[in-house]
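Single-structure report; data block below.
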């Protein structure tokens, strides 16, 4: 990208959530950040203090000489900052009025309101981080479990960046020799055959495949696993939701049909972030309100990554149970045989044989075997991942799509070589794969893509 830090103006934004709190932070970045802060700060002369120091004083409106708040001001000088520009962070008392007043004061003295994600964008443009690291900043903020945080921290440290760079270098080394072979065919000593180019393509494809295998887990860690709790009325769906969330969000009674809409809640189960959806009992009803809930339940079922299908083990299978077993057969699911404390007319072995699914016998009321249910959820989605020391994962659709595209280009290289196509023609896809991998890190990403990516960030980041 063409911009350098000297071409940027000075930006400001509130970096903490708006609302009441102990402390709020107003952040500035840019060439004039220290000068602007010094104009509204009564205390040490900020233009003369050392970098990476914090100073007590008061924020004062120079036009009225009125004190806005007492504060601690941190001065961080380029280039050893997040944006590689001068940064000033004003720590003031939390509260909407005082925080906005300080922000407006900075804007009136020459700063500009930052766009969403602009601080992180400047870190990228100034070479402080790559695009995968930039994405990890928001992943850390949005992490729903400690495992998600660990993966995001690994990305921020450059885990995925280093793997992508290594693949690009492998392609580039071969590509450079291919260019020599094409331009100077008379020098046979350094000739790189088409087979060698195909071998490099195969080597990189294997590395891409290893990353793509983590894409599903990465997506789940980033967005949560959409988990629909389904079953006919009064089989314990709401009780399971309340157990997993340790709350009483759902109404629990012995009256069928008390949940008339879908309830959603995020919860961590053995490190797996679940977006739990407690559905209304899926059954035939003439009640207009219940009908709406049943339709919404069916839509929730359609988008679910995992289905927890609850069946009353103390009763024989009903027509509604059988219909739900059929309706969810193509979903990844766990069948939960509940109410085992009331007797058992359905066995685990019978249900496994009939459905081919994982089956757990429980009593949610007595909290029996619910720990085994949690372990099974973890095993289904994170087998071999949870205890791995390798925290590098593909965590979003952008990364997955580009890796898939690069793999296809490399597969085309291999096919071209096998078909005897001239090396200079096969080289086109080889170069394309190198560029595509560069889009993941931002080394060859178009400006429009970069702008669109950072627009999804929150203000102050």
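In case you wondered, yes, glycine gets a Cβ from its N, Cα and C as well.
Features as listed in Swiss-Prot:
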type	residues	note
BINDING	27, 89, 128, 461	(6S)-5-formyl-5,6,7,8-tetrahydrofolate binding site
BINDING	234-239, 253-259, 278-281	GTP binding site
BINDING	234, 253, 255, 258	K(+) binding site
BINDING	238, 259	Mg(2+) binding site
DOMAIN	224-382	domain 'TrmE-type G'
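Around residue 128 ((6S)-5-formyl-5,6,7,8-tetrahydrofolate binding site), the same-chain residues six or more apart in sequence whose CB sits under 8 Å from its CB are 82, 83, 84, listed in sequence order. Cβ crowding, taken as the number of other Cβ atoms within 10 Å, peaks at 237 among the binding-site residues 27, 237, 461.
In this record, (6S)-5-formyl-5,6,7,8-tetrahydrofolate is bound by 27, 89, 128, 461; the longest C-alpha to C-alpha distance in that set is 19 Å.
Counting every protein chain shown, the number of other Cβ atoms lying within 10 Å of the Cβ of residue 238 (Mg(2+) binding site) is 24. Separation of the C-alpha atoms of residue 27 ((6S)-5-formyl-5,6,7,8-tetrahydrofolate binding site) and residue 234 (GTP binding site): 52 Å, rounded to the nearest whole number. Taking residue 461 ((6S)-5-formyl-5,6,7,8-tetrahydrofolate binding site) as the reference point, none of the binding-site residues 234, 237, 238 has a C-alpha atom within 10 Å of its C-alpha. Residue 234 (GTP binding site) is surrounded by 20 other CB atoms, counting those within 10 A of its CB over all protein chains shown.
According to DSSP, residue 234 (GTP binding site) sits in a coil region rather than a helix or strand.
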